[in-house]
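Q: According to TrEMBL, the protein carries these features:
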type: BINDING; residues: R15, R16, S17, R42, H46, W139, L140, T141; note: FMN binding site
type: DOMAIN; residues: 26-169; note: domain 'Nitroreductase'
Amino acid sequence: MFNDPTSLSAYLASRRSGKPRDMVAPGPDRDQVAAMVEMAARTPDHGKLAPWRFVVIPPDRREAFAAMLEAAYLAERPEAKRLEIEAVRQFALQAPTLITVLSSPRDSHIPLWEQELSAGAAVMNLLHAANAHGFVGGWLTTWAAFSPAVLAGLGGRAGEKIAGFVFVGTPSRALDERPRPPLDLILSDWSG
Ligand SMILES: Cc1cc2nc3c(=O)[nH]c(=O)nc-3n(C[C@H](O)[C@H](O)[C@H](O)COP(=O)(O)O)c2cc1C
């Protein structure tokens, strides 16, 4: 069983993202999204800077969001073929709920790297919050996360970056396992 809710350790040992393209309704309602963002904001953050923010794409703005992405894609790749453009639209329209997370570093003595790490941690926490509400989440970036036009379209300011697009919903098919690295590859004892 994935995302086993019976205990915190059972959940963490079985945590799994959903595939956004397989997510269907229901997704979280507006109050649940707000509660999820409050949970996500309980993230380690050196200096209490809150160097991240969340931009929800409301359901009735998803079509406009798709049009914004399509225009950004076409501006960057004027030779794009119809199938590519359709894939961009599918990306924007998949899953019931979409929350973008922006890395939003402050002018501070806290290193930028630490602030950006905190943004990644906030995304991870948002995925946990989706599971805590009985949904699954999926963290995607794709070209769109690196597009200055998409960042501007989301209201991004100078210095901000798109940390991820977090899609949330209900899986339409059973989640399957993903290979995890063997412990001996990622865990070692310092030998001095
Ligand atoms: C920063 C970041 C960006 C990602 N972008 C994509 C993406 O664009 N497309 C994709 O298929 N998976 C992407 N992934 C991987 C998925 O979010 C997810 O981690 C993966 O499917 C494994 O799921 P898990 O959370 O159950 O380990 C990204 C992961 C991270 C950390």
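The backbone N, Cα and C atoms fix where each Cβ goes, glycine too.
Annotations in TrEMBL come from automatic prediction, not curation.
Computed from a predicted structure; not experimentally measured.
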Q: Can you name the residues of this chain that are 6 or more positions from S17 (FMN binding site) yet have a C-beta less than 8 Å from its C-beta?
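A: Those within reach of S17 (FMN binding site), by Cβ under 8 Å and sequence separation of 6 or more, are L127, V136, G137, G138, W139.
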Q: Largest pairwise Cα distance, Å, within the listed FMN binders R15, R16, S17, R42, H46, W139, L140, T141?
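A: Site span for FMN, by Cα atoms: 27 Å.
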Q: Output: those binding-site residues from R16, S17, R42, H46, W139 whose CB lies less than 6 Å from an atom of ligand 1, in sequence order; none if no residue fits.
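A: Checked binding-site residues vs ligand 1; flagged R16, S17, W139.
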Q: Summarise the model confidence on the domain 'Nitroreductase' (26-169) as a single mean pLDDT, whole number.
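A: A mean pLDDT of 98 is what the predicted model shows over the domain 'Nitroreductase' (26-169).
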Q: List the helix, strand and coil residue totals of the domain 'Nitroreductase' (26-169) as derived from DSSP.
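A: Grouping H, G, I as helix and E, B as strand yields 72 helix, 27 strand, 45 coil.
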Q: What are the sequence-distant neighbours of R16 (FMN binding site), meaning same chain, six or more residues apart, C-beta distance under 8 angstroms?
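A: Listed in sequence order, they are F2, N3, V136, L175, E177, R178.
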Q: Most Cβ neighbours within 10 Å: which of the binding-site residues R15, R42, H46, L140, T141 is it?
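A: Ranked by Cβ atoms within 10 Å, first place goes to L140.
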Q: Ten-angstrom check, please: count other Cβ atoms within 10 Å of the Cβ of W139 (FMN binding site), all chains counted.
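A: Other Cβ atoms found within 10 Å: 17.
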